[in-house]
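Going by TrEMBL, these are the annotated features:
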REPEAT    203-237  repeat 'PPR'
REPEAT    238-272  repeat 'PPR'
REPEAT    273-304  repeat 'PPR'
Amino acid sequence: MACSARNISRVYKGIFQTLFNIGTLRPRFVHSCPTSLIQNLLKFRRDKPTDQLHRALDQCGVDLNHHLVLDVLRRHRSDWRPAHLFFNWSKTAGYEPSSDVCNEMIDILGKMKRFQELHQLLDEISKIEGLIDEKMFATLLRRFVCSHKVDDAVQLFRRRKEFGLDLGSEAFCTLLMWLCRYKHVEEAETLFHNVMKKDWSADIKTWNVILNGWCVLGNVHEAKRVWRDIVASPCKADVFSYAIFIKALTKKGKLGTALKLFRGMWDKGCRPDVVVCNCIIDALCFKKRIPEALEIFRDMSERG
């Protein structure tokens, strides 16, 4: 039994020496899965000096392509160092990263909060025309904002033209959405008013982002203020505006205000949709006001 164990030990030792000893790796080595080979090499040599790791990768003899590089990076989404080392090595091996590959690397660095490395990569790829696309830009925004780096996110937005991207209201709305999603509603609204004064007029979609931000935070007082601003603005509240505000009011138990707003929708020429009606009916039923809920249900059925 002991002899058998020693034999097995020798076999495994031989396998690992073949796979991971720099002196024995040769370009002629063929692996059934190049991605697994690289993953194992990165795993067992992660603490080695960078030049040694690069030499080991050089001797793997794999043909680099977008699919392979992307697959390796995705296998290291929670381990930034091997991913970053492999990404940097791939460029020295003659591989030119695609937008998808750069986006994956940026996402990994942002997720692990390695912003020094992220900024270095951003400076590098920003020099290549057309490499930064809308998908990568959204990833950058998301990673900055979810780490509460609001200033970095705003500065990135102001560089859109430098990246060859349109500096339009749609992109601005995306920035506000990410800020509000990660509870930076006050900063989002301040930026909203500053930009609207200088660059373009606000549309209702942008207003709705700010309104929804306060409502999600449960701050009905600020939501009411924003609602008054919407009413006073040239924009006309749409069904989404009403749905956002009515839902927030009913959650806070302000059913009277919500009903008044609901009934005023028809006067404003805004037809309530199923979401708004369900919200009001559900709130009435919760308060045991069943006859009123049935009345609204019948009224909506008659109106079609």
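Positions of Cβ are set from backbone N, Cα and C atoms, glycine also.
Each residue in the repeat 'PPR' (238-272) gets a DSSP state, and the totals come to 26 helix, 0 strand, 9 coil. Helix first, then strand, then coil: DSSP counts for the repeat 'PPR' (203-237) stand at 27 helix, 0 strand, 8 coil.
Taking H, G and I as helix, E and B as strand and the rest as coil, DSSP gives the repeat 'PPR' (273-304) the counts 27 helix, 0 strand, 5 coil.
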